[in-house]
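**Student:** Sharing a structure below in C-alpha cells format, with a few things to ask.
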Amino acid sequence: AASYTDSSDDETSPRDKQQKNSKGSSDFCVKNIKQAEFGRREIEIAEQEMPALMALRKRAQGEKPLAGAKIVGCTHITAQTAVRPRRPGPRGYSPRPCFNPPFPSLHPGFPVFAWKGESEDDFWWCIDRCVNVEGWQPNMILDDGGDLTHWIYKKYPNMFKKIKGIVEESVTGVHRLYQLSKAGKLCVPAMNVNDSVTKQKFDNLYCCRESILDGSRRLTPPSCPLLPPQVGKGCCAALKAMGSIVYVTEIDPICALQACMDGFRLVKLNEVIRQVDIVITCTGNKNVVTREHLDRMKNSCIVCNMGHSNTEIDVASLRTPELTWERVRSQVDHVIWPDGKRIVLLAEGRLLNLSCSTVPTFVLSITATTQASRALALIELYNAPEGRYKQDVYLLPKKMDEYVASLHLPTFDAHLTELTDEQAKYLGLNKNGPFKPNYYRC
C-alpha cells in the first residue's frame, strides 16, 4: 500500500536514528534535526504577520500564568501554529508535544516526538513517548482529536486522574469527551474549543476556504459534491466563486436550508456519484464515502477529505488484491480497478488542507485565534479555584472569544464602538470584567 515518503530524506526511520539537539539532549524524535534552524527561521518570518499570538505573548511576559504547568499536547502543526514563547524556562511551564510538523522547529527545551510521514504505529509510539516519562507527570492535556486523551485514559489511568484540565479543539475529540462524560468516566474538567465562535467562524470557515481554493486551482474540478457545515460552507463559497457546479449533501435541516438559500443544489451522494469529478468530505464522521460509492465513481474522479478524521473515506476497503495502487507523486495516489478505471486519492484520505495546499500567514493568523483561545482555555482551567469546574465538558467562555478576535482589529485599522455606562447597563454587560465587554452588540 502507498505511504507518505519524502525523497529529500533517507529511508531510515526516525525511531532508528541517534540524534541530539544543540543542548545535547536526545529526548525527542524528528525526521532531521539538522532542519531545526530552517524551521526556526520560518517561525520568525511567520511571527511578523501574526498580531494576535504576538499580543498574547507580550501580555504573558512577567505574568507566568502557567507557572508549574506540565502540558502534554497532540495537534497538527505548521510554522504559523508553532509560533510560541521560545524560552520554556522563564514562562514556568514544561510542554511535551507530539504532532505532525514539517520540520523540528521548536526551542531545544521542548521535547518533540513527530515527523511528517508517520505510520499508524509511529503515531501511537510518539504519543506514548510524550506521556511515559520517568519522573514527569503531566497536569494539563492539549488535544486535537482525542487520541492523546484516550491513550492516557486507557493506558495510564492513575496519570489521568491527576490531570487538572483538558483543552480539545476538534469535533471528533469533543464528541469523545462527551461520550466519557455521559458514561460518568470523565474525572477531569475539559474545555470544548471546537464549538467556540472563533473556531467555527474563523478557523473552520476562512482557513478551509483558502486551502480548498489553493487545492482547487491545481485540480480545477468543474463539479463537486461537498458536505458542510462550517468547513463545507467555506469550501462551497470558494469553489462556487471559481465557477464550479457545487452539490451539497447534508443531514442537518438548518444547514441544508442555508445551502439552498445560498443557491446550492441539495442532493444525496448516491444521486450524483456517477457524474461528479471531485468528492470532498468534511463531516468529522466515519465511512461517509464507502466502497460502494468508490466503485460507482467515474474514471479519474478526485477524492479528498477536509474533515478532521481520516476515516471519512473508507480507504481501508481499497487495500485489496484486485485493486492496484500507483503513487503519482507525494500524497497523490491512483487506485486502479481491474477494468482500468481509476480514482485519484489525495493524501490517502487524510486532511487535504494540511497535505496538499498552503494558506497565507495572515489568514492563518486570523484563523489561529483558535490557538490563542486554546492558550486562554489552558490558563483558565489551570488557574481556576477548586470547585469552579466540575468533571464535565465546558464551552469556551464567549468573553475569551471576543478578546482574541479583538487582537486582530488594529491590523485593519478597525475601531470598536464603545458603550456608555447607561448602554452597558441596559444590555446587562459588565464593563469592569477581565476582558473587554461585548461592544459590537450595539
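Each Cβ is built from the backbone N, Cα and C atoms, and glycine gets one as well.
If you look up TrEMBL, you'll see 1-27 marked as region 'Disordered'. What TrEMBL lists as substrate binding site is THR78, ASP144, GLU169, LYS199, ASP203. If you look up TrEMBL, you'll see 204-359 marked as domain 'S-adenosyl-L-homocysteine hydrolase NAD binding'. The NAD(+) binding site annotation in TrEMBL covers GLU250, ASN353.
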**Student:** Round to the nearest Å and give the CA-to-CA distance linking GLU250 (NAD(+) binding site) with GLU169 (substrate binding site).
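**Tutor:** Taking the Cα atoms only, GLU250 (NAD(+) binding site) lies 23 Å from GLU169 (substrate binding site).
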**Student:** Using a 10 Å cut-off, grab the number of neighbouring Cβ atoms around the Cβ of ASP144 (substrate binding site), all chains included.
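**Tutor:** Step by step: centre on the Cβ of ASP144 (substrate binding site), count other Cβ atoms within 10 Å, giving 22.
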**Student:** Which has the fewest other CB atoms in a 10 Å radius around its CB: GLU169, GLU250, the listed binding-site residues?
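**Tutor:** Selected from the binding-site residues GLU169, GLU250 on minimum Cβ neighbours within 10 Å: GLU250.
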